[in-house]
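Okay, so here's the structure we're looking at.
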């Protein structure tokens, strides 16, 4: 039996969205689920206890960054990532591919792997499917990701076709190199840019390799949201119904709802933590930039409908003061709030699926959030 399995609970009669449970060696979580990103073995400014308090069930670690610092050997010596960072819930690690491909001017792709330069000191490094598997096996995450090529968007058709075929060959090498299938599940990543036939080809090739779960990669990289939704809707039909489906890099509230409707189970994004660090908050009524002068004497919480630690105890005026003064506590408070907001949104999505009313929920949320206008405020 694979290390990670998907249990289907129900399908929303109104929208077709899925309610399920993903079972892992470090516990189970209901889906659809948002996963906070802990790039360097920490969700920035948050303790594991605080993550548990806001009902985070699974978090991400970043293979590329942890390989370079502190090194996978040190984390292996500590007993794996769970022990190293004191998180006893499920962990998903990416393959390192996305980081390497975002260094586009510093890298060279071959069939063997990718040669690139260190993003800070310029030293030469090489990452291959086998190396990515070795690092992730050392990290000991519950869910590992296959090493894929993430083509830019837009890109020429022939380039993307070559790229997805290489990704399939690399995926087969990942399966062969993976040393711990009993306690770590390896997911395949479907690519294909904005070409529907290539998305279909990539999905079918990877499904034939029989991974225990599948991700859609290469979206949410700057393309218009309707293009992303179209690609997700098209690709979903070729993904197994009895395995988890992970949409990589998506974390805006509207996209989480839209892509849950389109059959996705798992999402991750640095968005809530990144915008929190410059004082931008997600609220029931849309985006709130707490640094703005109008909040200087505003004694209301960030969101009057929110019951997170921040909103229970602190005012907009105080948080604005902290952020303006560059006090770390301000960033902690906005991060707690944003992550709580998204995790609560996912809980509301799951409840709406239970009640067969996710499309109604979407309309209500969009109306209040300010997304039904001609040019909605975006993150």
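The backbone N, Cα and C atoms fix where each Cβ goes, glycine too.
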For the feature region 'RNA binding' as recorded in Swiss-Prot, pick the matching range from 235-241, 242-248, 249-255. 249-255
Binding-site annotation, Swiss-Prot, substrate: partner of 94, 95, 96, 97, 98, 148, 191 in 61, 218, 222: 218
Please identify the range among 263-267, 268-272, 273-277, 278-282 that Swiss-Prot labels region 'RNA binding'. 273-277
Check the Cα-Cα distances from residue 95 (substrate binding site) to the recorded positions 268, 311, 337 and tell me which is shortest. 268
For the recorded Zn(2+) site, whose residues are 306, 308, 311, 337, find every other residue on that chain with a C-beta no more than 8 angstroms from the centre of their C-beta atoms, and list them by sequence position. 301, 302, 303, 307, 309, 310, 312, 336, 340, 341
Running the recorded positions 94, 268, 306, 311, 337 through a 10 angstrom C-alpha radius around residue 218 (substrate binding site) leaves none
Among the binding-site residues 96, 97, 218, which residue has the largest number of other Cβ atoms within 10 Å of its own Cβ? 218
Give me the DSSP three-state residue breakdown of the region 'RNA binding' (273-277), ordered helix, strand, coil. 4 helix, 0 strand, 1 coil
For the region 'RNA binding' (273-277), what's the model's average pLDDT? 98
